[in-house]
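**Student:** Take a look at what TrEMBL says about it:
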- B:ASP250: active site, proton donor (ACT_SITE)
- B:CYS170: site 'Transition state stabilizer' (SITE)
Number of protein chains: 2
Amino acid sequence: MLEAIKYNNRKLEVLDQLKLPHSCTYQGVTNVTQTWEVIRSMKVRGAPAIANVAVLGVAVELNEKDFNSKEQLYEVVKEQLEYLQTSRPTAINLRNAANRIISLLSVQLQDNKLSVNDMKESDFSFRIIKEAEDIFRECKMKNLAIGEHGASHIINHLSTGSQATILTHCNTGSLATAGYGTALGVIRSLHLRGMLAHVYCTETRPYNQGARLTAFELMHDKIPSTLICDSMVAALMKSKEVSAVVVGADRVVANGDTANKIGTYQIAVCAKYHKIPFYVALPVSTVDLSLRDGGAIPIEERPSVEMTYIQGVPLAPTDMNCWNPAFDVTPAELITGGIITERGVFKVQELEKKISTDKEDGIWY
Amino acid sequence: MLEAIKYNNRKLEVLDQLKLPHSCTYQGVTNVTQTWEVIRSMKVRGAPAIANVAVLGVAVELNEKDFNSKEQLYEVVKEQLEYLQTSRPTAINLRNAANRIISLLSVQLQDNKLSVNDMKESDFSFRIIKEAEDIFRECKMKNLAIGEHGASHIINHLSTGSQATILTHCNTGSLATAGYGTALGVIRSLHLRGMLAHVYCTETRPYNQGARLTAFELMHDKIPSTLICDSMVAALMKSKEVSAVVVGADRVVANGDTANKIGTYQIAVCAKYHKIPFYVALPVSTVDLSLRDGGAIPIEERPSVEMTYIQGVPLAPTDMNCWNPAFDVTPAELITGGIITERGVFKVQELEKKISTDKEDGIWY
């Protein structure tokens, strides 16, 4: 399996996904400024992956620094995490991961038994680094659980004796996460159980994550698959047997409305029209209960040049006016299959209750 | 206005649309073999344009030839027209234009008053050339009528005081037809009447006719417009005010089911979900009453390389399996605005009756 993020002995490297599928090049990341840059430029992308890279970026910079007080540590790390959250606005995982680190910092700060003199021994920095590493390790385990829950749910809804044909969008695999993948994790689990007939993946214009990354991962792992253009989804649903659509998510809010890669909403509309179940697969850290509905999710708009050029080749008149939202919001009513998480598959209506029950102290990454 | 086809004094040139928007290069076409090639390679495309180029290609070759008998003329031209119909299978306009020529040839053949000795004087070849030229000239006039009828219908359904915002797909302008355009003709008419707020055009993957051609035409003619990706249609309909969708057609069958560029069906599904009227604009020569429903329309599938490469740049793993249908079928129930023709705007249910009433001798191109 491909790795988007390599982290060993407090050394961080990210796969430069802009160069895929032409070359597999890893770039070392040694500080927070570089971390912001690799996220912003989309060398690393995918809601879970950018959260992992962000906290690991803080960890590798912390590893090289000394602090005079726990207050100083708190201020520096908090500022770094706030800065990293400005890299891309739509995904919530980064904020949730940041909040988990900040919460630990606060606990340390408020613990009067820990004084400046304890600094050297207790090594507050080490605890933060350890927490970032835990986030990364847990992310991999959650992906496995998402894959297993999703595969079981889909298999239970297949007619007897048939295998699943899945349509997915964008990239939600090992390149988008810390490991197995979310939607692509579900596909991997189906494949490993011998229950996958075929996968269709969309190109995912304008950044072509499907064509460049998902196609690359599927071929790499020898999963039977076919690439289609984003415009072919309805035709595919009409002319081939599609068992289910499974996509990832950048933010799911309290009522189940889901922000994900531009084009997701359209696929959900088509799935509804063709009566095909539509699933969203995500770690619980993608859920944002602070927003009631999808209208409040900030949607990043990216530059025209991403549409008018591809790898330096002009595709359109270069001064053509473009609208380039990076995400859209799929209303809960269209998520007919369910929400696949590491804790199980929920109906959208159940999501808030299930998550709230489990949530402790506002931190559940 | 741009011209896809230049025809003067029995000289034919076509604009090589594969080179747009980077360069405007015309290629001379002097025989039927070259005509087949420019259609097949998509240097010229668009259902009405390829019909025009086909009959004009026959005309320019005829102009250089002598025939010994009307039987020989009949056989040669019929064979040429049958050959040209193998260039691309989905659009019906070419067949209808060919049938109009063949019908005239048959009339000549069966007219016993015309003998071989009359050949030099009556100049049968000239009549065929003239018929091809008539098809070309009439196509331009029909485009104007389509534009006017469509614009009036859309304006009548706008709320008072508002202008229309139109979404279109693929290229249906002067580059796809012999002149003003079909769907783009409607947009031009709205613009000329001061009733157009804005046009959104889709990229139209994988051949990018929207990005390369429609965007180019809209900018060339200073029509206010924005390019979107094919995946952004539903998001656009939700977040902007779209008054109507207007697209062209490659073949409309008796029940109103419509084959058009891949992605059209998906846009129609989205329009239905968002309660936006969906129109198809076409000359009556695009109608094929010989087929009852859209399931019988042959759908051209094109090579994977059109998806995996763009202008020589690889977009995906080069050996990735692709599904690349060039067209899809929009069921009549989704054509909620109506069918815009040179004879007026019809409801899909009215189409067959209206066309049959007018039709004479099986030829109505």
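The backbone N, Cα and C atoms fix where each Cβ goes, and this holds for glycine too.
Curation plays no part in TrEMBL annotations; they are all automatic predictions.
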**Student:** Roughly how many angstrom lie between the C-alpha atoms of B:CYS170 (site 'Transition state stabilizer') and B:ASP250 (active site, proton donor)?
**Tutor:** 12
**Student:** Relative to the Cβ position of B:CYS170 (site 'Transition state stabilizer'), how many further Cβ atoms are located within 10 Å?
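**Tutor:** Counting Cβ neighbours of B:CYS170 (site 'Transition state stabilizer') within 10 Å gives 30.
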**Student:** Residues with Cβ closer than 8 Å to the Cβ of the residue listed as 'active site, proton donor', same chain and 6+ apart in sequence?
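**Tutor:** Residues satisfying the criterion: B:ALA47, B:THR90, B:ALA91, B:ILE92, B:ASN93, B:ALA259, B:ASN260, B:LYS261, B:THR286, B:PHE327.
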